[in-house]
């Protein structure tokens, strides 16, 4: 691989990982596991039924499916750019798998945020039906009302996993499965904490400084 830098974004749903990845996409290739899983969910495959069942119940999708998605994405991505892994790994098993298959160093950024902020953000979230770009009815709508900034589509939808009851289940699952990664990566001196309660602009400045490529 010719990749110069890999940033791993981990944190609860709604912590702003996807927003920051989009803002950095000029210099980074983005692998958004959540976005890929939603694409799989909308496909006409047996795998789609499995993914849909887990996402609708607020649980993590099984690692055998998620790991396969990441490996395929790494094979097909533009390796002349640096990479952001958005939302992966989500548990210790996936973290071990990533280190075995990546075979190069990376930095882990943990987006730390209050549960109340997550609930407020996700309950107002919508996405473009055509390209999947995420907006928020409370603070981040398209520049032209009703028209996606990226693909000019006028079709938007509420995501199935952004229902309040499902959000709470996702947070519980995250705390159980993903929080142990903090100690895992802290012990390897890979971990940097990001206060995701801050403004988008302040978070972006910190990530740019950490990356060292701006």
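Including glycine, each Cβ sits where the backbone N, Cα and C put it.
Of the given residue ranges 32-61, 62-91, Swiss-Prot assigns the label region 'NMP' to 32-61. Looking at the stretches 124-162, 163-201, the one that Swiss-Prot records under the feature region 'LID' is 124-162. Cα to Cα, residue 18 (ATP binding site) and residue 131 (Zn(2+) binding site) are separated by 14 Å.
Straight-line distance linking the Cα atoms of residue 38 (AMP binding site) and residue 14 (ATP binding site), rounded to a whole number, equals 16 Å. Annotation for residue 87 (AMP binding site): same-chain Cβ neighbours under 8 Å, separated by at least 6 residues, are 9, 10, 17, 18, 32, 33, 34.
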